[in-house]
Amino acid sequence: MPEPTKKEENEVPAPAPPPEQWSIGESPVTEEQDKQNANSQLSTLFIEKPQSGEVKVGETITFIAKVKAEDLLRKPTIKWFKGKWMDLASKAGKHLQLKETFERHSRVYTFEMQIIQAKENYAGNYRCEVTYKDKFDSCSFDLEVHGKSAFFPSFICFSFVNDSGEGQDDAGELDFSGLLKRREVKQQEEQPEVDVWELLKNAKPSEYEKIAFQYGITDLRGMLRRLKRMRRVEKKSRAFARILDPAYQVDKGGRVRFVVELADPKLEVKWYKNGQEIRPTTKYIFEHKGCERIMFINNCTLADDAEYYVTAGDEKCSTELFVREPPVLVTKQLEDTHTYCGERVELECEVSEDDAHVKWFKDGEEIYLGPKSRYRVKVDGKKHILIIEGATKADIAEYSVMTTGGQSSAKLHVGLKPLKVLTPLTDQTVNLGQEICLKCEISENITGKWTKNGLPVQESDRLKIIHKGRIHKLVIANSLVEDEGDYVFSPEAYPITLPAKVHVVDPPRINLDGLDADNTVIVVAGSKLRLEIPISGEPPPKAIWSRADKAIMEGSGRIRAESYPDSSTLVIDIAEREDSGVYNIHLKNEAGEANASIKIKVVDIPDPPVAPSVKEVGDDWCIMNWDPPLYDGGSPILGYFIERKKKQSSRWMRLNFDLCKETTFEPKKMIEGVAYEVRIFAVNAVGMSKPSMPSRPFVPLAVTSAPTLLAVDCVTDNSVTMKWRPPDQIGAAGLDGYVLEYCYEGSDNWLTANKELIDKTKFTITDLPTDAKIYVRVKAINAAGASEPKYYSQPILVRQIIEPPKIRIPRHLKQTYIRRVGEAINLVIPFQGKPKPELVWKKDGVEIDKNQINIRNSETDTIIFIRKAERSHSGKYELHVKVEKLIETATIDIQVVDRPGPPQLVKIEDVWGENVALTWLPPRDDGNATITGYTIQKADKKSMEWFTVIEHYHRTSATITELVIGNEYYFRVFAENMCGLSEDATMTKESAMIAKDGKVYKNPVYDDFDFTEAPMFTQPLVNTYAVAGYNATLNCSVRGNPKPKITWMKNKVTIVDDPRYRMFSNQGVCTLEIRKPSPYDGGTYSCRAVNDLGAVEMDCKLEVKVIYQGVNTPGQPVFLEGQQQ
């Protein structure tokens, strides 16, 4: 096997030319085979690969690739190439668009490459590569672009293209080749093989274009880049003693050998093809000879045409392999052929290779072999046959076949066969509007021409020319008068004509297309009608109008007829209602007769409707209805307008601006209590009628809203007492009363409990069976009717409920109730209990005499009333509430107080200097209240005018000082309690003389009085009830010297710095205030007083109750003072 020819280093081969543009020694390369040979274990990512396609110049084509994304975590990377290395991503522009979409449901990525307005130089081999991590897949496909201009690939004219693409019209161009110049086809002479790169390397730059043109190099830019790299000085490699040659060339089917020499034989060497590592196979064989590393590639194919490189350590060297395909020769030439029109023609030749790619030409222009082409090519091994079905004169030409290594040509002659007329044309007479069909049949399948009156016939939507085999037809749909004439068919290329005459007959016709479906004409009363009916016919027909078998004559009457060549007109001046009816028109001519009936309808405004009636009224609305007018004016009623006015007013107001389609309406926004009238206008297509008569006056009145707060007041064994509140809205009609209704559970029959209207908001339903369950509702009644009922939410059981007695003592009565003599006592004590409890009042254990004390009892409380209290009314009052065997008892302390009596026996104990010592005894009558102090007065014996010396004095002995020496004084003392001073005072029997100067007064000697005292409560704590949310206080009074320290405790736990509590101490009165207590503040509270002489402690209980709408929790309802149940 000869050694392959080496190519220069850094050679950049031109992109693979398209199938239509061949250059000597080059052919398309299948990149898909390349990838499969490089790595047989690559995973397939494509589920749909782009397919090869064909397109005409200026048209658009789209290539689609789809990738399944089920096992992919992110979007794969896709690249589109033209040839081997041209990345089309940088060429996107007006001629190339790249798109990608993702369908979430099927998880499929769709990638599209769209070529817009294709040019001839866009043809060629394309490749699509998709990668995802370590997965790789690729597919190659071809694009053929068919143009109208002929070209021959042996001569290529180059042009330089601007690569920037920015702002230029050529952005998005897909090839670097220029336009092709048509030249005459010449047989190339065989020339010895020449190394083009050696020629370019040694040539001047000015000769580069000439050499490239001569040897078919189209990529001038790539050629210049390769020459530049060839002149570059290589750096010395540390890993390689000898690197690969820049390029290798081998014939298809041959064997190539790559050799590198390592500087260090221990280095590991790896071989790669297009970036994919090469593994040893029968195709790829590796050898080691010392420091040499050799790789053989057997049976080279076009898929092996690629870039190869070898790595050793961190360095690599690369090369390119070019696989040449041997030229295809024509071994059997085409032969000249003679045939007739319509016959099948086969032009046959043979080539040197099986299934070789050849091109067919007609008169130097390439033959298009698409699916719609008349030409077909059959390939059988080395045989190539061009088939022409149904040859014609247009197929006469010189046909040639071209391969990469030769060509052959032959001439085709097509003649005419003798023509026979099998079926001639026939004359036809048709009615206007019918179809005209002229048909003939000849012996040969050839085309022909149709003429009418010597002029060519043009096809249209109505006129069709049909040629099917040997049959020729001329079809005219909906024939017109203009279609009449002489028709001739002339077969193409034959001096024969087939004539026929067509005669069109037109009977009378009446055109009513301008009327509606039932031929009705509507005219407004009082206007003029001019009804023009188009007519046709040849000769022109005579028109006669009639109504009810009475002819309408032409003339000057109000109803008359007028005749014209193409129409007939009916005229009615000042139309009246009586003119409505059916009018007939009759046409007649020589071809026939025609009749038609037209209905004329005279319409007018409708009659006024009948006066409306008001059926129902509300607070500001009413519902009215009416009947349609007796005569609608000959046109359907479209609707109604409604007007309203106050009875005392003359001004009508329109209520609707849009027509009311119904015969009922609901006016709104009226004033309650004011009388109104309404009237109606009917409207049809002509206009609005006169107004109807006004309705009877009516006054808007509204029923009240439903009563509120319906509740059960009392239940016995045979009665139920209900109570409710008046309605929230009553209105101008007022409120006449209530109706209480009930029905038994399981029944829908509501019974009226009251025979007459109820004025009050409480009523008792009697005569009910025990243990029955009833539903109750109440309605408010006024002049407008009954309101919506108010239902009790649940059924009521008719049975007396035994409720244990419970006394609710008001808070202020839980302590001693104090009143002065003469004041009134009026105590209201609420209680509970069912059935009605028995009440017993006792005072100090004895039943109260009702002649002295008034007692009034009700179902929910008892009142004890004393108009003028006396001290004898003081005492403990007990209330006993009894329900059957259950008894509840409560005790109230009443204290009636009065002013005290005077003190007893006021004496002057001693007089010294300016001082007098007095003593006295407490009064016998303290007024039923504690003595709070004394008031001491003095009076000079001479004037006996009294002056107060001391007020609010607590002791029964006092010393009066700062008396005037030489005067004689009397003294008197008043007792004081909570009601005030006593009416009388006790005066000293003797007077006290204040001695003058010179009298020696000897102060008496007194023992010091011991004022120390252990703590003692003078007023104890009492058990207290409190209401949640209202402040509560606990009070007591304590005495002691030295002043005791006061400590408050709750449940034996000292209260310290708690913001809910406030503690006061004033003049021995100790107070604990509990701010807004809750049930959790209830318990045992203690007050402890401590000083040096001892300690004392007092307890009381506090109960806190919560009230919800008159019911406390826990327990039964509690009502505060002044609160209604």
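Even glycines carry a Cβ here, placed using N, Cα and C.
What you see is a predicted model, and the numbers here were worked out from it, not measured in a lab.
These features come from TrEMBL:
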REGION    1-39  region 'Disordered'
COMPBIAS  1-10  compositional bias 'Basic and acidic residues'
DOMAIN    326-413  domain 'Ig-like'
DOMAIN    418-487  domain 'Ig-like'
DOMAIN    508-601  domain 'Ig-like'
DOMAIN    608-707  domain 'Fibronectin type-III'
DOMAIN    708-805  domain 'Fibronectin type-III'
DOMAIN    902-997  domain 'Fibronectin type-III'
DOMAIN    1015-1103  domain 'Ig-like'
Can you tell me which recorded stretch out of 326-413, 418-487, 508-601, 902-997, 1015-1103 has the most Cβ pairs within less than 8 Å of the domain 'Fibronectin type-III' (608-707)?
508-601
Per DSSP, how many helix, strand and coil residues does the domain 'Ig-like' (418-487) have?
3 helix, 36 strand, 31 coil
How do the residues of the domain 'Fibronectin type-III' (708-805) split into helix, strand and coil according to DSSP?
0 helix, 48 strand, 50 coil
Across the domain 'Fibronectin type-III' (902-997), DSSP labelling yields 0 helix, 52 strand, 44 coil
